[in-house]
Amino acid sequence: MARSLNEWLWQHEFWLPPGITWEDMQESEDVHYPQPRDLLLSFPFALVLVVVRYAFERAIALPLSSKLGVRDKQRPKAQPNPTLEAFYSTRCKNPEEASPFLLCFPLDLAPGELISLAKQCDLPARKVEKWFRHRRNTDRPSLSKKFCEACWRFTFYITSFITGLAVLYDKPWLWDHRECWTGYPQQPLQPSLFWYYLLELSFYWSLVFTLPFDVKRKDFKEQIVHHAATIFLISFSYCANYIRIGTLVMVIHDASDCFLEPTKIFNYMKWKKSCDSLFMIFSAVFLISRLVIFPYTVLYNTYYYSMEIFEPFFGYYFVNALLITLQLLHVFWSCLIIHMVYKFILQGTMEKDMRSDTEESDKDEEGEKMREKEKNGITYFSSVTSNSYIQRNESEPLNNRTHLTNGHVKER
């Protein structure tokens, strides 16, 4: 069965244009073509990159962060509480709260997960809410972790981009994109192109291996789609000998990434002016390379120019589907970037990365909630949410109670 599956998978109708078979691409002593088995080397190389990254972050990036003044914020730790920890781990990290109006009534009448947990732990609801806030902040990556990750990616992207330019500067298809299809698919594989491909594929496999441990941002799902599409695209383009198109895709992507990571580094260092300036440069490079150069150089090239050489086949549709998926992600990220640039033009300062997860502050969150409640004419004391407080004061005379008058507290 495995043999039948292998024969079906490697049918030349899937991978090669009509009229071309695998026999037409037989290797000789002087001529070498891409072989699918070569891609297996990317797995051990990816593991090597993971080890190199770990050593780099510990030996270079982490000490560098201390010297450049990157300091982790001291976060209050959540007190051990088995009930709350079990809820946090198994159900959700942010329990729902009852309506502020309902909290003015006895707790038995106030619905909400927060109130239920408060009753189970015999704690005020505000302390339970504060526990979850501290617990969430504990799970958020530290500033030094973000700095180390950005340093590693910047080191790789700048190395990969320079490598790509060194490999492609004398290649005709870098300057004349129609050359991508000259003699296709019988285009011999040069050693420099093989190692460039292996470097890029190994890096993206290493990102997949470290995905559970890397900093998670709001576009986490889009990043997974991007990594998957990139790996499929690199692998398929290698097997189908789309090497020339693949090298153009990789060097175009690395061009803007070289500016993104140092922008993050300056942001973590609190060098605001340098961060803002570099972000504007990154925005220009990203928008031009991903929305102008990539569609014309790659998409138009593969969709139209290739049809001058051969008729459509499965590989043609598959590679264009992957390229269009990448382009949709480019449009998504371009919208985020344009929004940030627009804010910068209006406010004169760069707002935080919209993909980043903001650390919650007790003071800021409490102040915001109190202002919202006062605006609606509803003010109450957090201790009212405790059952014991209600029981102690249920016999208190009415004239000693706190009431609301036009949204303000008034004592009788």
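Cβ from N, Cα, C; glycine included.
The compositional bias 'Basic and acidic residues' annotation in TrEMBL covers 366-376.
Under the heading compositional bias 'Polar residues', TrEMBL lists 379-405.
If you look up TrEMBL, you'll see 145-346 marked as domain 'TLC'.
Annotation comment: TrEMBL describes 355-412 as region 'Disordered'.
Beyond its flanks by at least six residues, the transmembrane segment (39-56) meets 151-152, 155, 198-199, 201-203, 205-206, 209-210, 235, 238-239 of its own chain at Cβ-Cβ distances under 8 Å. According to TrEMBL, the feature transmembrane segment maps to 39-56 (among others).
According to TrEMBL, the transmembrane segment annotation covers 150-169 (among others). Among residues of the same chain six or more beyond the transmembrane segment (150-169), those with a C-beta under 8 A of the stretch's C-beta atoms are 53, 56-57, 60-61, 64-65, 192-193, 196, 199-200, 203, 247-248, 250-251, 254-255, 257-258, 261-262, 264-265, 268.
Taken from TrEMBL, the feature transmembrane segment applies to 194-213 (among others).
The transmembrane segment annotation in TrEMBL covers 278-297 (among others).
If you look up TrEMBL, you'll see 317-342 (among others) marked as transmembrane segment.
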Integer average pLDDT (0 to 100) for the domain 'TLC' (145-346): 89
Criterion met for the transmembrane segment (278-297) and the transmembrane segment (194-213) (at least three Cβ pairs under 8 Å): no
Positions whose Cβ lies under 8 angstroms from the transmembrane segment (194-213), at least six residues beyond its ends: 34, 38-39, 41-43, 45-50, 53, 156, 160, 163-164, 167, 224, 227, 230-231, 234-235, 238, 243, 246-247, 250
